[in-house]
Structures are given as structure tokens and as C-alpha cells.
């Protein structure tokens with residue numbers, strides 16, 4: 001048996017196996033003479049690197065450590081909040097940094113001190129922490145022919161991946177103080193498949209969030225921003241982490257935005273003030289000029305409703321009341337109040353009877369205007385009381401003397417109205433006042449002297465002059481008047497010193513007061529409104 005032949009065959013087999021192993025797992029020797037592509041191909045070869053497995057590091061006690069991923073964001077464009085859709089758009093550069101010991105080439109290529117740079121192809125060959133935007137509605141990586149992805153591998157194995165993204169993010173808006181509101185909108189980053197035992201997210205220590213100096217918003221002002229690190233507890237009811245329960249690391253940064261109100265002041269608030277002021281022009285028109293006053297009131301109301309509805313179309317339909325709605329409701333009430341005032345004075349203007357006033361002030365004018373029928377009923381009751389008193393006087397003067405024979409005297413009938421009596425009394429009171437009489441009127445002068453009524457209904461007895469009968473009857477009539485007045489005291493009114501105004505005078509008086517009351521009330525409304533907006 002030829003042992004030498006057998007030994008040579010075994011040696012050749014062993015040499016072939018070693019060459020096959022070298023072809024399956026290329027060596028890292030002489031890394032300084034390799035190109036970046038060759039070095040990366042050997043570093044990420046399947047025999048050394050598994051891109052489906054995260055980097056694994058251990059403590060001195062052998063405990064497996066999670067991967068620490070550090071994030072940084074650079075915001076170079078932000079679009080205004082879309083209140084109707086509760087969303088906003090950002091254009092940002094997101095950068096993540098982590099350590100992968102399997103990519104350490106410091107010992108393999110000691111002369112290579114610069115990091116290895118690449119784009120999407122290099123990133124696709126490496127393990128990447130899957131991080132997503134938790135409050136996104138739409139997102140994409142920017143780029144023209146190639147996606148804007150930059151990948152860097154340092155000699156110590158530190159991997160830095162930068163992406164330019166465009167994202168539409170959800171932001172819940174509190175519109176209670178719209179358009180004087182301030183909003184806080186967050187961008188939330190979370191780990192997709194690795195919980196906190198496998199991967200932990202951190203913000204960079206220095207300047208984690210930066211903004212482009214040329215960043216400006218048209219409707220908002222960026223006041224400040226802050227970042228936060230937290231842990232999200234997900235269970236089976238929360239499927240945004242791939243239906244895996246556990247604690248997931250989360251990062252967020254929030255921007256505080258203040259709305260600029262210049263547009264709303266010029267397009268809504270100042271025009272609404274002018275519309276309300278225009279509705280007051282009807283107070284300078286006469287109360288019987290119905291066509292111009294109705295046209296002015298309806299046109300201002302319709303114009304204001306159109307203005308308010310145009311502003312509300314850009315907002316979501318929320319259940320609570322917004323500050324802008326309080327403003328528009330208040331202005332609507334003032335415009336409607338001017339129309340109601342016209343209807344009121346026009347009704348008064350068309351009345352036929354004058355209105356007696358006890359005193360010429362606002363309280364008595366409004367009281368007499370609002371209840372004219374009550375005063376009229378009391379005036380009629382007074383007239384009936386006067387007529388009954390005269391009949392009682394006639395019966396007592398004739399029947400009390402004991403005569404069985406009656407004398408009928410045909411006298412001219414004169415109708416005496418209460419207005420004539422009151423007019424005579426007012427003239428007498430005015431003449432006394434002009435003469436400078438400082439004495440108060442006596443109780444007998446304050447009651448109506450109706451002695452002339454007795455002369456028309458009674459005949460003096462034989463032997464007694466008419467003047468004596470008059471003097472005798474006067475106290476009796478006065479007492480009858482008192483007794484009759486006591487019986488109807490609830491309905492009797494003393495019109496001494498009262499003033500009479502025509503309905504037209506009252507209507508013009510109400511219009512003159514409305515010219516002052518409405519502007520003053522609107523100023524008070526503005527005082528409370530703007531105090532609430534800026535001080536509460």
C-alpha cells in the first residue's frame with residue numbers, strides 16, 4: 001500500500017478546505033491597503049456581521065446591555081398649523097448615533113482615521129434601530145434621484161445616520177381663546193420593535209434641538225421649545241408597537257406657538273366694531289321713517305352674519321365656546337338691540353293719546369310709556385268718582401230739607417271734563433308761582449272746588465240766599481269728596497303737578513337716550529372682553 005500517496009491526498013484536501021474557508025470569510029489583514037468598499041464588505045460579511053441582530057455588549061458581570069441611541073433634530077422649515085385638520089408639517093434633519101462594536105476597524109486599519117461615509121446603500125447593509133414618529137399622519141424621506149440619507153462609520157464603530165424628512169404630524173388644538181390662543185405641538189419619536197431592555201433612546205447632551213435662523217411662521221410666533229425623554233407602557237390594546245407588550249423608550253420635543261392676531265384684528269374685529277357703530281345711525285333718524293331704519297338694521301345684521309360665518313369656516317366644529325364666538329355673539333346682540341329699539345319707538349310714535357308724567361325723568365317716562373293703559377283706567381275711575389259725587393250732593397241737598405214738592409229748573413247743560421279742571425288748576429298754580437307766593441297750597445285748594453256744580457243743581461230755600469246755601473254746601477261736598485275718595489283710593493290718582501308729553505316727544509326722547517346708552521354699553525362690553533383676553 002502506497003502510504004505516501006494517501007498522505008499527499010489528505011494534505012491537498014486540508015489545503016482546499018482552508019482556501020474554501022478563506023473564500024467564505026475573507027480576512028481583515030492588511031486593512032490599510034484596502035479601499036473603503038473592500039473594508040466595509042469584509043467588515044459586514046455574513047461570517048462576521050448579522051444585520052438582523054442588534055449590537056450586543058456586556059458588563060463586567062456578564063449582564064447584557066441595551067443599545068443606547070442618541071438623537072438630534074434640526075428643524076429648518078415648519079408650516080403653519082392647520083386648525084381645521086389639527087395638524088402641522090415640519091421639514092427636519094433627524095440624526096441618530098449608536099455604537100456597534102462589530103464595525104470597529106481601528107485595529108484592522110490603524111492608519112485610517114477618517115470615518116467611512118456612504119448613503120442609502122451603506123445604511124441598507126447595517127443594522128438600524130427602527131424608530132418611528134408616533135404622532136405622524138404622513139412622512140417621507142426627502143430627495144430627488146437619491147434619498148437624502150447620510151451614513152457615517154467611525155474607526156471605533158460609532159454609526160451616525162442622518163435623514164432629511166418631511167412629516168405631517170397630529171397636534172390637538174385648544175381653541176377656547178381663539179384667535180388669542182397659544183398652542184403646544186409635539187413631535188414624538190418611539191422605538192418600534194425593541195423595548196427598553198434592548199434599546200434606549202436619548203437626546204444628545206449638547207443642543208439636541210436646533211432651528212434654522214431663517215425659520216419664520218406667518219400666523220404664529222415660535223416662543224420656545226423643550227425636549228423630553230420618557231417610557232411608553234404598551235399593552236395588547238395598543239398596537240402601534242407591532243402588538244408586542246412592554247415598555248418602549250420615547251423621545252419628544254415640543255414647540256410653544258403664539259398666534260399673531262394682526263390679521264384677525266384687521267379683518268374681523270375692527271370691521272365688526274364699525275358694523276355695530278353703523279347700526280346706531282338709526283337713532284338719528286326719526287321714528288316714523290321706517291324704510292331707512294329697517295333697511296339699515298337688516299343690512300348691518302346680514303353683513304355681520306356673513307363676516308362671522310367666513311371666520312368660522314376655517315375652524316373645526318368643537319363643542320366648547322370660543323372667545324371669537326363670544327365677541328360675535330355680543331356684537332350681534334347690539335345690532336339686534338338697535339332693531340328692537342326702532343320697533344319700540346315706532347310703536348310709541350303711532351299712539352294717539354298723550355301720556356301724563358308725574359316727574360320728567362327717565363324712570364317715570366319709561367314707566368308711563370310701558371303702562372299707558374293702567375294710567376288711562378285710573379283716570380277714567382277718577383272721572384266716575386267725580387260724577388257720583390255730584391249726584392250724591394244733589395240728592396242730599398234736596399231731600400234733606402223735607403220738601404215734598406220739587407221744583408224743576410231748566411238750566412243750560414255744561415259738560416265739565418277732568419282735563420278742563422286740571423288745566424284750570426295748573427294755570428292757577430303757575431300764576432301763584434310767578435307771583436312768588438312761598439306759601440304752600442292748603443288742603444282745601446288742593447281738592448277740586450265744585451261749588452259751581454251745586455248752583456246748577458240746587459235751589460235756595462225760601463228766606464235763604466243762594467250764597468249762604470253755597471257756603472253751607474261746600475263743606476258737605478268736600479266731605480263727600482273725601483268719603484268717595486276713601487272708597488276708591490286704590491284707583492284714584494292726583495294729577496297735581498303732572499306733565500303731559502306727546503308720543504312723538506317720548507319717541508324722540510328714547511332715541512336721544514339710545515344714542516348714549518348703546519355706545520356706553522358697547523364700551524363696557526369691550527372692557528370686559530379685552531380684559532378677559534389679555535389678563536385671564
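Heads up, the Cβ atoms here are built off N, Cα and C, so glycines get one too.
Predicted automatically and left uncurated, TrEMBL annotations should be read as such.
From the options 228-247, 248-267, 268-287, 368-387, the stretch TrEMBL describes as transmembrane segment is 268-287. Taking Cβ pairs closer than 8 Å, the transmembrane segment (326-349) reaches residues 269, 272-273, 275-276, 279-280, 282-283, 287-288, 290, 293-294, 297-298, 300-301, 304-305, 308, 311, 369, 503-504, 506-507, 510-511, 514, 518, 521-522, 525, 529 in its own chain, all 6 or more past its ends. Using a Cβ-Cβ cut-off under 8 Å and counting only residues 6 or more beyond its ends in the same chain, the transmembrane segment (268-287) has close neighbours at 293, 296-297, 300-301, 303-304, 307-308, 311, 324, 327-328, 331, 334-335, 338-339, 341-342, 345-346, 348-349, 504, 507-508, 511-512, 514-515, 518-519, 522.
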